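Asks: Below you'll find the structure I mean.
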Amino acid sequence: MKYIDEYRDGSLAKDVARQITALADPARSYHFMEFCGGHTHAISRYGLEDLLPANVRMIHGPGCPVCVLPIGRIDAAIALAMRPEITLCTYGDLMRVPGSNGSSLLKAKAAGADIRMVYSTLDALRIADAEPDREVVFFAIGFETTTPTTALALKAAIARGLGNFSIFCNHVLTPAPIQNILESPDVRKLGTIKIDGFIGPAHVSTVIGTEPYEFFAEEFRKPVVVAGFEPLDVIQAILMLVRQVNDGRHEVENQYIRAVTALGNEKAQAEVANFFELRESFEWRGLGEVPYGALRLRPQYAAYDAEKRFSMVTPAAKDNPACECGAILRGVKKPADCKLFGTVCTPDTPMGSCMVSPEGACAAHWAYGRFREKVRQVDARRAVA
């Protein structure tokens, strides 16, 4: 298949890996963060870390919108859904994200709440149109990739006069948390590790372009390479980052030239700007409060803002203290470092959002990485023996 098969050529990937090994300075280490959950899954699925030299390490970042959603927002959605007049529409990967005290949207649905899984914003609009007596709330979540579809849904609701449709907005932004990881004293207090460069997200960058990364590449002197999701995309991006570090450069480079431009999708950006504005601050799981890290509806659309329309309150809630999801999202730990992983925390019984979402680092390690981890442990024991 064009643009897929040729980017999964194992022999080419091994050739690029050999170039990385040849270029990587053995006297130093390289730590690169892949921000996006799609890259995390590609690295785990195709075993890319096994191709890299020991001094080139990948760090999982907070690029999973479901994973970074704080427990309080889940609790607020559950409380709203339990109201008899409410129909809450949500994507499937939010259904099992744990709230406080073992709650979840799935359990609330079993308890009688009208919660419906949808595949797009259009599904929620159709429900609002077909059931005018119900207050239909769409649980909007995602990075810049999915925000335009929410904007278009709101535009359609206004045009069709759907007064029973509203949005619980949890759209988050990409550049802000990267900057937060690099400069926030709160995040440093929680713990982070040295990062030499970033693999920039693919789908997000098709919307926002590469220009938004220029500021922190220059300000924090960290190279960024925007890359696609196929294994050759990712390993080529790692090669480009190694070259930049060796050269002392800190530029934004675009590996994903077949889909990403400098300016991105300006029409989509305009639709988003029409309906949304920046929040001064928004809590991210694992990072704390991130300034300008999320969006909300503009005041003129307050009638469609579920938080204002239904006087929603986001309660203060703490993560399971045994769950390392927050540390994993900051790049401090890997899934195998969590004592819950693979024991009480599995895809069937998730203790944290990193195991629930298909983009989560724990879900990726469960699906692809845990077996290689066991092989490494066996090899290490044999080497000692």
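One is the number of the first residue shown, and numbering goes on along the chain from there.
In case you wondered, yes, glycine gets a Cβ from its N, Cα and C as well.
Since the structure is predicted, the reported quantities are computational estimates derived from the model, not experimental observations.
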Asks: Looking at the Fe cation binding annotation from Swiss-Prot, with Cys64, Cys67 already listed, which candidate in Cys36, Cys89 is the matching residue?
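Replies: Record check against Swiss-Prot: Fe cation site with Cys64, Cys67, extra candidate from Cys36, Cys89 is Cys36.
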Asks: Excluding Cys36, Cys64, Cys67, please set out which residues of the same chain place their CB within 8 Å of the center of the CB atoms of the Fe cation site, keeping sequence order.
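Replies: Near the Fe cation site, beyond Cys36, Cys64, Cys67, sit Gly37, Thr40, Gly61, Pro62, Gly63, Pro65, Val66, Val68, Leu329, Ser357, Glu359, Gly360, Ala361.
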Asks: Using Cβ atoms only, which residues of the same chain lie under 8 Å from Cys36 (Fe cation binding site) while being at least 6 residues apart in sequence?
Replies: Gly61, Gly63, Ile199, Gly200, Pro201, Ala202, His203, Val204, Phe229, Glu359
Asks: My understanding is the cutoff is Cβ-Cβ under 8 Å with a sequence separation of 6 or more in the same chain; which residues meet that for Cys64 (Fe cation binding site)?
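Replies: Expected: Gly37, Thr40, Leu329, Ser353, Cys354, Ser357, Glu359, Gly360, Ala361.
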Asks: Taking only same-chain residues 6+ apart in sequence, whose CB is under 8 Å from that of Cys67 (Fe cation binding site), what do you get?
Replies: Gly37, Arg285, Cys325, Leu329, Ser353, Cys354, Val356, Ser357, Glu359, Gly360, Ala361
